[in-house]
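S.K.: I'd like to ask you about the structure that follows.
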Amino acid sequence: MKPLSLGVFFLLVPALVPALDPLSASLLMGGAAVTWQLFSPHSWLKCRLLECCNVKDTLNFSVVKMDLERKVFGQHLAVQLVLRALNANIYSKRPKKPLVMSFHGWTGTGKTFLSSIIAENLYQPGAPRRSFVHHFNTVLHFPHASRVHLYKEQLQNWIRGNVSACPRSLFIFSEMDQMPHGLIDSITPFLGYHEEIDGVYYGKAIFIFLNNAGGDKITEMALDYWRRPKRREDIPVKELQDLLSEEIFRNTNSGFFQSQLIQKNLIDYFIPFLPLEYKHVKECVREELRAQGHPEDEGLIKEIASAMTDYPSEESIYSSKGCKTVASRVILSI
């Protein structure tokens, strides 16, 4: 229903009501109210029954902080950087550019999990999020290097269309180490410092890249600190970020090989995910036991965590798979 037609309809309602019996009049007025709510662009009913993009950002920063600190184990650097990044972007009335974060680390260290916590907290509780959170799996969505030109066009159109519909759109790219060379550079224009592009404002959009590339470098630094010995909490985040930036630019398997995104400094934060130690894997096992409804058996927790702490072979300090196989190991052990 067009706005003009809708307006005429509501002008006629008062004139029609006196000619109707009380029941019909009540139904007409009730229907008019529901129709108004459904066609009003930012109504609460539309957000409940259909889908809408938040007019006002509803991210509860204290809740996100609590979720990250309570549920993400062994990643103090990642949690601190993500909270800083979200705080700067969410509470800016009109950010100058989209928030762009690249998560790096071994598999199972929490990259996907942390991004899901952001997605869960970014939109109104109970509101459908499928129209605002866009997850691209490189292996699934971009499997053929020979079709890069087609993928570039499709990706640009998808981002442009969805940000037009909802400025606070979240785009997550996983398996970046499998990304065909040059593909990610197609979104470079959307990530820069532009007021608008063809009438579309991108400053409220959030882009997260998940990448195993750089994980070995992160682990080397963490292991070096452990052997000195120094606390992992003392690892300088700036040094790690610079290391990651150089590594993934030169790494042909990073998805950012010689990328314009790095050359033009469009990635705001390189987020390092440290390898998980025995004590962190124990927390993962404990949390999984709770999730599956089992009692917290300390003996079982230690047994599973010990079996998963396997790197380096002579010292067995870290889990080479992080917490990725914890759920299946708990199932097999119960």
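Heads up, the Cβ atoms here are built off N, Cα and C, so glycines get one too.
What TrEMBL shows for this protein is this:
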type: SIGNAL; residues: 1-19; note: signal peptide
type: BINDING; residues: Gly105, Trp106, Thr107, Gly108, Thr109, Gly110, Lys111, Thr112; note: ATP binding site
type: DOMAIN; residues: 276-329; note: domain 'Torsin-1A C-terminal'
S.K.: Compute the centroid of the Cβ atoms of Gly105, Trp106, Thr107, Gly108, Thr109, Gly110, Lys111, Thr112, then list the same-chain residues not in that set whose Cβ lies within 8 Å of it, in sequence order, for the ATP site.
M.R.: Phe103, Phe113, Asn212, Gly215, Phe273, Gly322, Lys324
S.K.: By the count of other Cβ atoms within 10 Å, pick out the sparsest of the binding-site residues Gly105, Gly108, Gly110.
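M.R.: Fewest other Cβ atoms within 10 Å, among the binding-site residues Gly105, Gly108, Gly110, is found for Gly108.
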S.K.: What is the number of residues in the domain 'Torsin-1A C-terminal' (276-329) that are helix, strand and coil, as DSSP sees it?
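M.R.: When I sort the residues of the domain 'Torsin-1A C-terminal' (276-329) into the three classes, I find 29 helix, 3 strand, 22 coil.
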S.K.: Please give the average pLDDT for the domain 'Torsin-1A C-terminal' (276-329) in this predicted model.
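M.R.: Value for the domain 'Torsin-1A C-terminal' (276-329), mean pLDDT as a whole number: 96.
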S.K.: Given the binding-site residues Thr107, Thr109, Thr112, and counting only Cβ atoms in the protein chains shown, which has the most within 10 Å of its Cβ?
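M.R.: Result of the Cβ crowding comparison: Thr109.
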S.K.: In sequence order, which residues at least six apart in the same chain have a CB under 8 Å from the CB of Lys111 (ATP binding site)?
M.R.: Phe103, His104, Gly105, Leu210, Asn211, Phe273
S.K.: If one looks at the chain holding Trp106 (ATP binding site), which residues at least 6 apart in sequence have a CB under 8 angstroms from its CB?
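M.R.: Same-chain residues close to Trp106 (ATP binding site) (Cβ under 8 Å, separated by 6 or more) are Asn212, Gly215, Ile218, Thr219, Phe273, Pro275, Ser320, Lys321, Gly322.
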